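Feature annotations, courtesy of Swiss-Prot:
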ACT_SITE  Lys78  active site, charge relay system
ACT_SITE  Ser158  active site, charge relay system
ACT_SITE  Ser182  active site, acyl-ester intermediate
Amino acid sequence: MTELTDLSLADARDALRQKKISAAELAMAHIEAVEKARALNAFLLETPERAQAMARASDEKIARGEAGPLEGIPLGIKDLFCTEGVRTTAASHILENFVPAYESSITANLWRDGAVMLGKLNLDEFAMGSSNETSYFGPVVSPWRREGSTAPLTPGGSSGGSAAAVAARLCLGATATDTGGSIRQPAAFTGTVGIKPTYGRCSRWGVVAFASSLDQAGPITRTVRDAAILLRSMAGYDPKDTTSVNLPVPDYEAALGRSIKGMRIGIPKEYRLDAMPAEIGKLWDQGIEWMREAGAEPVEISLPHTRHALPAYYIVAPAEASSNLARYDGVRFGLRVPGKDIAGMYEETRAAGFGKEVRRRILIGTYVLSAGYYDAYYVRAQKIRTLIKRDFEQVFEQGIDAILTPATPSAAFGLGEKGAKDPIEMYLNDIFTVTVNMAGLPGIAVPAGVSAEGLPLGLQLIGRPFDEETLIALSGVIEAAAPRVSYPSSWWG
């Protein structure tokens, strides 16, 4: 029989329902895998006792014929989702010992459907980063390595722990969040599937905020089917989140295998960058050909304001972060460092509690929101955001069903290779993904090939609002056509 940790989420679900395996043995196999993989630093907190208790409860429900959609499925939870009674840090010193008294709506949905929690996953501090190197608890190491090299690579960020854990077969799926590409970029770097749903599709209640108008939660899994299954449980209307949209949640899994014949797939000319590596361009062309072979019609389109997206994003997101992170003052919760007076306590607490990248983004955000620069920077960035959204609306009005682009401008890079001297070098990793968040659209990254160095490469599909089903159908075509990505052997333990 296949090793339990090698099962897909869908196969594990079916085996549990058919009573070929038990939830307890499935959980134990993953608990042991997590313990052996501590060199990856993917988990910030392991919860084996909780996992075993949840698995036993799942076995009892399965025996009674009361299994939920995710009954007995072991998952990792990005440590940005509040979990009642379980430490939630956002990978920051300022929240190092924070234990929430409430459960995020998304994790509550997962437990309702029978999922089992293996622990909390590492990330960039407050989800601010593209390489999982800003975590207070140290970087995540990708399970992937370049051919012939042992140099450690980034799994991407900010959801690096989620992507690494799924790729290393430590869990059957993981929750993640995406503010400017933090689901799709790590998925592309690790050969996994990551869905960033439409803004409002998944509740943000109980998820530590970075940039509230951009943040959206979604799944990272090893297959498109698994992502569809997990998204269905994560999604849904939540009255506690004022941005949550009250729409029925489709059966995303049913979209797999749906014909894409006659669909019009937009190919944005602005995404063909002069500095783009040849292998990325070649992969994109291959994806276009796969669409054509499946009966879809690739159409060149224009998204003219794409070139302004990255600078506009790095004004809007830090501005919202500056506001959101003002709550961490050492008074109500989290770290407190004494000062000579109340203002001194604020200063000392925030200086000690926030890492370098978070402080940088707070400073940028505070600057662009200040009286003398608000109109010149923040208002202008919001106007550009409106134009970016309008670009997409016009394309979809012309009958385009989805848009195909590269997911990242390169394969995974080494830890410490980028951003040390120039943070903009790191920010450029988001060049293909930020427009999706700025426009509030759904996007998915799906494995499509490997680089010359043997590392995964992904393609991105962008869809109409709340049409994740079409993205899943199209991703299934890419997944079926692309050469299978063999997950790395467990060099870590």
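Even glycines carry a Cβ here, placed using N, Cα and C.
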Nearest-integer angstrom distance between the alpha carbons (Cα) of Lys78 (active site, charge relay system) and Ser158 (active site, charge relay system):
10
Rounded to a whole number, how many Å is the Cα of Ser158 (active site, charge relay system) away from the Cα of Ser182 (active site, acyl-ester intermediate)?
5
Note down the number of other Cβ atoms within 10 Å of the Cβ of Ser182 (active site, acyl-ester intermediate), including every protein chain shown.
36
Across all chains shown, how many C-beta atoms besides its own are within 10 angstroms of the C-beta of Ser158 (active site, charge relay system)?
34
What is the number of other Cβ atoms found within 10 Å of the Cβ of Lys78 (active site, charge relay system)?
32
Please report the DSSP secondary structure of Ser182 (active site, acyl-ester intermediate), reduced to three states.
coil
DSSP-derived class (H/G/I helix, E/B strand, else coil) of Lys78 (active site, charge relay system):
strand
What does DSSP say about Ser158 (active site, charge relay system): helix, strand or coil?
coil
